[in-house]
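Listed in TrEMBL:
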type    : residues                                  : note
BINDING : Glu61, Asp81, Leu83, Asp84, Asp210        : Mg(2+) 1 binding site
BINDING : Glu61, Leu83, Asp84, Gly85, Thr86, Asp210 : substrate binding site
BINDING : Asp81, Asp84, Asp210                      : Mg(2+) 2 binding site
Amino acid sequence: MIKSLISIAKKAGEEILEIYNKDFEIEYKDDKSPLTEADKKAHKIIKNGLSEISDFPVLSEEGKEIPSKDRKNWEYFWMVDPLDGTKEFIKKNGEFTVNIALIHKNKPILGVVYAPVLDIMYYGDIENGGYKIEKGKKEKLPLKKQKKDTVSVVMSKSHLNEETSKFVKSLKKYFKNIEAVSIGSSLKICLVAEGKADIYPRLAPTMEWDTAAAHAVLNAVGGKIIKYEDSFSLSKTKNYPEISYNKENLLNPYFIAIRSDVF
C-alpha cells in the first residue's frame, strides 16, 4: 500500500507544481483561509487514487464537510490535506506539502508527506519505521541524534506568538543551548522525525489534517505529539496523552511534537 500512496502523493505534487510555476488565482474560504486551483486539483487526484486502493472513506480539507454523527464509527479512514501550507505556496517559498494519513481507531498508523518543490518524501508506519526519500535517495529515520546540552526547536514562520516564545524560554531550565529552526507546513513535524529538530511546540490552532500524516511518521520513529497544558512540564512528557483524530470538532488542541530521546 505504501508504494501506491507514494505514487498518489507524487502525482498530486506534479499537478501542484504545474500550477505553482505559473500565475494562479487565489480564493478565500469562509474562514478567510486561502484556496487555489492547486488545492482543488490535488484533492481530486488524491481522492480518485485512494478510491482505487481501498474502500475506506476520505476526510479531506478540500472535500465536503462530513458531520461527526456520520463519521464517528469509522474504524479506518484516510485523512488528507491536499496542499498543506497554502500560504507558503502563495509566497512561492517551496515549504508546502501533500499530506495523506491512514487513521485507525482515532490514531494515525500510516503517513506520507511529500514536498514537491524540494522533492522530499517522508513516510512511515509503526511496523516498518520512518523513511525519507530525497532526490531518489532513501534513508531510514532518524538521521541525526540530539546534541548533548542543546535542544533544537522548530517553529512556525507565520504563527510565532507570545505563548510559544514563553515556552521556548522555559527550555533553558533543561538545556544549556537552544537552537531555533523555522520552516513551513507539516515539514516542522517531519524535521523532528528526521532528527534535525528535537521539539516543535504548536501553541496556535491547527486542524487534524494538518498533522495526521506527519504524526504517523513521527510515531514510526518513536516520537510523539502530546497535548499541551498550562502546567506543562517537559520532565513529565510520558504522562501526557497524544492528540487523537476524528473528534467531533476537527480542531487540534495545542500540542508539543517531541523526539523519543529528548527525555
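Every residue gets a Cβ built from N, Cα and C, even glycine.
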Cβ within 8 Å of the Mg(2+) 2 site centroid (Asp81, Asp84, Asp210 excluded): which residues?
Glu61, Leu83, Gly85, Thr97, Asn99, Ser185, Ser186, Thr206, Met207, Trp209, Thr211, Ala213
In three-state DSSP terms, Asp210 (Mg(2+) 1 binding site) is classed as helix
DSSP-derived class (H/G/I helix, E/B strand, else coil) of Gly85 (substrate binding site):
coil
Same-chain shell around substrate excluding Glu61, Leu83, Asp84, Gly85, Thr86, Asp210, C-beta within 8 angstroms of the CB centroid, reads Asp39, Asp81, Pro82, Phe96, Thr97, Asn99, Ser185, Ser186, Trp209
Cα-Cα, whole number of Å: Gly85 (substrate binding site) versus Glu61 (Mg(2+) 1 binding site)?
12
Taking the Cβ of each of the binding-site residues and counting other Cβ atoms inside 10 Å, which one has the highest number: Glu61, Asp81, Asp84, Asp210?
Asp81
To the nearest whole angstrom, what is the C-alpha distance linking Asp210 (Mg(2+) 1 binding site) and Thr86 (substrate binding site)?
11
Identify, among the binding-site residues Leu83, Gly85, Thr86, the residue whose Cβ has the fewest other Cβ atoms within 10 Å in this structure.
Thr86
